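For 147-198, the entry in Swiss-Prot reads ATP binding site. What Swiss-Prot lists as Mg(2+) 1 binding site is Asp270, Glu282, and the listing cites sequence analysis. Annotation comment: Swiss-Prot describes Glu282, Asn284 as Mg(2+) 2 binding site. Annotation source Swiss-Prot lists domain 'ATP-grasp' at 120-315.
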Amino acid sequence: MRVLLIAGGVSPEHEVSLLSAEGVLRHIPFPTDLAVIAQDGRWLLGEKALTALEAKAAPEGEHPFPPPLSWERYDVVFPLLHGRFGEDGTVQGFLELLGKPYVGAGVAASALCMDKDLSKRVLAQAGVPVVPWVAVRKGEPPVVPFDPPFFVKPANTGSSVGISRVERFQDLEAALALAFRYDEKAVVEKALSPVRELEVGVLGNVFGEASPVGEVRYEAPFYDYETKYTPGRAELLIPAPLDPGTQETVQELALKAYKVLGVRGMARVDFFLAEGELYLNELNTIPGFTPTSMYPRLFEAGGVAYPELLRRLVELALT
């Protein structure tokens, strides 16, 4: 069994992807090669990829797409790319054309989960509770049917990139301008308060298994990029201090959403708990694997060690 790990990418989450790849390479129980997509879209292979990993940045690559790889050498490809042009079905589509098994969700599920607006529409139709939201496209006047505070987010980014908390309607225009730097579509979501943020991991194909539920606590106004990836900025409680009934409901809703959206392999499913009501926030089909990432820590708390988790993900790609 030989694995090709693809990391980096052209999205704003380039550095996070490299941090995740470092952890995976350290723990994966199979011979694994690394390919890095630089921020200019070109690829780095071999020692140059490892050098980029060590530097946690690859502004310029060497090989244009498609890279000169001997794809037949690899049994499974592990795309560890966060954000657009990696987590949104694009790389998955390329691997489908190659006929290579790969870790994680397929083309349609990846694209659907990446789009916060479309995924909420599907989940709401299926009876999964979601926070009130409205989509706004670049160039159209925003019509927000609820009062502030609310969050403005690019529809197709992760890691809290481009997100603003808006307290007054007069600040909406600036928040949308920031979101439109990253996407042509934004979502405006009602802010819940007081709120607890819960996360659960799912592992499996169609009928997944859920990890214990974790909780994220922090002092920042919201769970932004710096809070997520700076050690000590957030407290991760695993398991979350919840009554058994609430924990079971979180797990059941996560598994339902996983099936409804057609996800396979893995996902981290994020929830809000406000005034006793649960709301599904989003599914991340390529969750972080950094030292502070919740997904591997949740499964470790459930008795699945990091190397075993990676082994199962690779094996799921072949089934």
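Heads up, the Cβ atoms here are built off N, Cα and C, so glycines get one too.
Locations of recorded Swiss-Prot features on the structure.
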residue: Asp147; record: ATP binding site; DSSP class: coil
residue: Pro154; record: ATP binding site; DSSP class: strand
residue: Val161; record: ATP binding site; DSSP class: coil
residue: Ala175; record: ATP binding site; DSSP class: helix
residue: Tyr182; record: ATP binding site; DSSP class: coil
residue: Glu189; record: ATP binding site; DSSP class: strand
residue: Arg196; record: ATP binding site; DSSP class: strand
residue: Asp270; record: Mg(2+) 1 binding site; DSSP class: strand
residue: Glu282; record: Mg(2+) 1 binding site; DSSP class: strand
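Around the Cβ of Val161 (ATP binding site), 22 further Cβ atoms fall within 10 Å across all displayed protein chains.
Counting only same-chain residues at least 6 apart in sequence, those with a Cβ under 8 Å from the Cβ of Asp270 (Mg(2+) 1 binding site) are Glu197, Leu198, Glu199, Leu280, Asn281, Glu282, Leu283, Asn284. Across the residues of the domain 'ATP-grasp' (120-315), the predicted structure has a mean pLDDT of 93. Other Cβ atoms within 10 Å of the Cβ of Asn284 (Mg(2+) 2 binding site), summed over all protein chains shown, number 22. In the structure shown, the C-beta of Glu282 has more C-beta neighbours within 10 angstroms than that of any other entry among the binding-site residues Asp147, Glu282. Between the binding-site residues Arg168, Ala175, Tyr182, Glu189, Arg196, the minimum number of other C-beta atoms within 10 Å of a residue's C-beta occurs at Arg168. Neighbour list (Pro154 (ATP binding site), Cβ cut-off 8 Å, at least 6 residues apart, same chain): Val161, Gly162, Ile163, Ala179, Phe180, Arg181, Tyr182, Asp183, Lys185, Ala186.
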